[in-house]
Amino acid sequence: MVFSRSIPRALQRPATSLLAIPARQWRAPVFSGVRTLTASAPRQGKVLMVLYDGGEHAKQQPGLLGTTENELGIRKWLEDHGHTLVTTSDKEGPDSVFEKELVDAEVIITTPFHPGYLTAERLAKAKKLKLAVTAGIGSDHVDLNAANKTNGGITVAEVTGSNVVSVAEHVVMTILTLVRNFVPAHDQIRNGGWDVAAVAKNEYDLENKVVGTVAVGRIGERVLRRLKPFDCKELLYYDYQPLKPEVEKEIGCRRVDTLEEMLAQCDVVTINCPLHEKTKGLFNKELISKMKPGSWLVNTARGAIVVKEDVAEAVKSGHLRGYGGDVWFPQPAPKDHPLRYVEGPWGGGNAMVPHMSGTSIDAQIRYAEGTKKILESYFSGRHDYRPEDLIVHNGDYATKAYGQRK
């Protein structure tokens, strides 16, 4: 279904290594029963947003800014400045609204939670595209090499730091959910049961366990800091770039030279690295076999960093005591995705949820505000972006976060 309206405006627009690291609330306009929203204005700049549908939930919670109904709270601001906004959730296939509207879009905005994939083929069709913004963190849905070569270089930017606390908190929650065997215990109560032994036989303490993070960037470091009060036996990290000695001392963590060495020691491993060509499929059958038997694996980074079938088999066999996180490949996860249903030999061992860790209401406020600032910088002609927000710019990589670059 398409909802359109025409609003005349007369306002003018002002003239690697393996691992690299990368408020106030307002009420947004709400449109019910909408899949695609279009507003027309005198030609200034066309913005295409790909978001997920909130439906009734977006009515109940205006803070769900990352929905098609609430549109990051920026529709009125864009219209007041004479720009055209098209918002859709329809992003798959050649007949999708996304595919049809990108051909003359100047700016494309999407989120990691319902990404509009900008492949080389799609970028080739987007003849006017100058800016691709991730409302959140993670730009692996964009073919960055193609972006550098298209239209003189498309700028790809994201709102760095907007949801790092949200994700770090989710990581710690998932670790505890797995280690304490919470899910099957809760299911038992909901189903009217009471069998302490059935769930306690696979319940452990986090204290005196070895926990390691794959990458120690903004999220990985925050995870380690939040784990410090749990009195873990040791906190380890694997990253090409070490923390400062004083930071290591403050946290009480230690760097390990190789990933395999770290995995062999850890009771819990949490993945906090970006997805790029060297981390795609990193956790496959071979690497998982090097993990400590009976360990837990948490992934809130990207679903494609693990081979889903290999993780499912490791949980089913008991080599992994459990797997949890919120990232899937593909997204949305199909109903037959193996990580939806896998359980360990004693049940449990599955702490998977939809891609939600980085989209708390607080995080949505932050990444909506950050997206607006990026748009202000672009449409004003200043292009004074925060350096940390830039992924590719002026036809080249602005960060090492997506692999070893020239």
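Note that Cβ sites are derived from N, Cα and C of the backbone, with glycine treated the same way.
Going by TrEMBL, these are the annotated features:
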type	residues	note
BINDING	Ile137, Asn163	substrate binding site
DOMAIN	173-343	domain 'D-isomer specific 2-hydroxyacid dehydrogenase NAD-binding'
BINDING	Arg218, Ile219, Asp239, Pro274, Leu275, His276, Glu277, Lys278, Thr300, Asp326, His355, Met356, Ser357, Gly358	NAD(+) binding site
SITE	Arg302	site 'Important for catalytic activity'
SITE	His355	site 'Important for catalytic activity'
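You'll find the Cα of Arg218 (NAD(+) binding site) roughly 11 Å from the Cα of Ile137 (substrate binding site).
Ranked by how many other Cβ atoms sit within 10 Å of their Cβ, the binding-site residues Ile137, Leu275 place Leu275 at the bottom.
Ranking the recorded positions Ile137, Asn163, Arg302 by Cα distance from His355 (NAD(+) binding site) puts Arg302 first. Secondary structure at His355 (NAD(+) binding site), as computed by DSSP, is coil.
Taking the Cα atom of each, Asn163 (substrate binding site) and Ser357 (NAD(+) binding site) are about 8 angstrom apart. Taking only the Cα positions, the spacing between Ile137 (substrate binding site) and Asp239 (NAD(+) binding site) is 19 angstrom. Of all Cβ atoms in the protein chains displayed, 19 besides its own lie within 10 Å of the Cβ of Arg218 (NAD(+) binding site). The record assigns Arg218, Ile219, Asp239, Pro274, Leu275, His276, Glu277, Lys278, Thr300, Asp326, His355, Met356, Ser357, Gly358 to the NAD(+) binding site, and the maximum Cα to Cα distance across that set is 25 Å. Around the Cβ of Asn163 (substrate binding site), the number of neighbouring Cβ atoms within 10 Å comes to 27. Here Leu275 (NAD(+) binding site) is positioned 6 angstrom away from Arg302 (site 'Important for catalytic activity'), judged by their C-alpha atoms.
If you count neighbouring Cβ atoms within 10 Å for each of the binding-site residues Asp239, Glu277, the highest count belongs to Asp239. Around Thr300 (NAD(+) binding site), the C-beta neighbours below 8 angstroms that are at least 6 residues distant in the chain are Val167, His170, Val171, Thr174, Ile219, Thr270, Ile271, Asn272, Gly325, Asp326, Val327, Ser357, Gly358. Around the Cβ of His355 (NAD(+) binding site), 22 further Cβ atoms fall within 10 Å across all displayed protein chains.
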